[in-house]
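All remarks here apply to the structure that follows.
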Amino acid sequence: MLAIAILAAGKGTRMKSKLPKVLHPLAGKSLIDRVLSCTHGLKPNRRLIVVGHQANLVEDSLRKHQDLDFVLQQPQNGTGHAIQQLKPRLKGFNGELLVLNGDVPLLKEETLSSLLKFHKESNASVTFLSASLDSPTGYGRVFTDESGLVKKIIEERDCTNEQRKNKLINAGIYCFNWQQLSDVLNLLSNQNSQNEIYLTDTISLLKKALHFEVDNPFEIKGINDRVQLSECEHYIQEELKSLWMSKGVSFVDPISCSLSEDSNFGTDVIIEPQTHLRGKCSIGNGCHLGPGSVITNSTLAENVLAIHSFINEATIGNNTSIGPFAHIRPESNIRQNSKIGNFVEIKKSCIGEGTKINHLSYVGDSALGKNINIGAGTITANFDGKNKHRTIIDDYSKTGANSVLVAPIKIGAHVTIGAGSTISKDIPDKSLVVERSKAIIRTKAD
């Protein structure tokens, strides 16, 4: 049996943030969500989250995971104290306990699988991840005997100058035999420079302690401040972009772009500089994004062009052109072969196939049919000061420049609306409508 405990109780004071450290985003996911993601394939019987500082925020952010058991650590008195809080929850449990940190987000599932396999085959009391670092500052040092058994781990702040020269470090990721661990947990003390109860002190109390060295030390990098957060963001972005370039996506200037891990691409996609994808995005074959576009939780079909535009929670059809400087807001559906031009805003609207809204227009809460032409400066006036109202325009209709359609309103098919008109009544099919005040012209002599 396998139980997994993720430590997420710390204050994260070096982040200088009101947000709990484990909730800071990294390539679109919180740190702790990333840690949870690498545990799914391990098929644990239990997953426990140790919370403390701003516990409610952390718990609320993880409600989508139905199998989590939250354990409160109050006060936060060290990693050993955190694991002591698990004893009532794991009463009667007979198996392995994998201990992870909520601020170590780059771990791979494969690494944890290898750790578990090594631990079980070695019949160890505890096995933990380790690494040899050229610059081990900040990490506890691992000390072994001639046979390779771990004798002790000393936290850096408690090391002598000579002990600090040791480059073998503890990554803080442990696999314990729970029964053996629970027998020694109450023997831990806080006799150290921090007056905290260290989980590392269990190493010298257990029968057989081993370490398992990781292939890629960056995988165990913890995040304590925003500099380290930025370093991890850069690392993930490089991984993501390299992956998609190997699958047929071109980045003109990769370093200036960012992706979310939930982004998916077809082939022959070109991504120009300063383009960013956030949340869950699906980008079809042959799309050309940017420069300067931001796409969030949206689906773009094939051969979509999006230049200097914001697309948020929208669906864009094949062979559609967006921008430059267009804003497609949530719940919008732009059908194939359409054009949304410069300085156009679309909000919660369906735009039919082949429809063109080329410039300087606002279309909100509307349903437009196919092959419609919306003239420059056309506005759907959807808000009466209290409620939003719908505008419907049927196929093959046209609006002249500077038209205002006052919702609720329905414009029929094959309707032409003259420039400068303000329309507040429904218009039947095949109509020509011009509604504007008569010009009054006077000479200066008058």
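For all residues, glycine too, the Cβ spot is worked out from N, Cα and C.
Here the structure is a predicted model, which means the values were calculated and not measured.
Of the residues ARG436, ARG442, Swiss-Prot places ARG436 in the same acetyl-CoA site as ALA376, ALA419.
When secondary structure is read from DSSP and collapsed to three states, ARG436 (acetyl-CoA binding site) falls in the coil class. When each of the binding-site residues LEU7, ALA9, ALA376 is scored by how many other Cβ atoms sit within 10 Å of its Cβ, ALA376 comes out lowest. Ranking the binding-site residues ASP103, ALA376, ALA419, ARG436 by the distance of their Cα atoms from the Cα of GLY140 (UDP-N-acetyl-alpha-D-glucosamine binding site) places ASP103 first. In this structure the alpha carbons, written CA, of LYS21 (UDP-N-acetyl-alpha-D-glucosamine binding site) and ASP103 (Mg(2+) binding site) are 7 Å apart.
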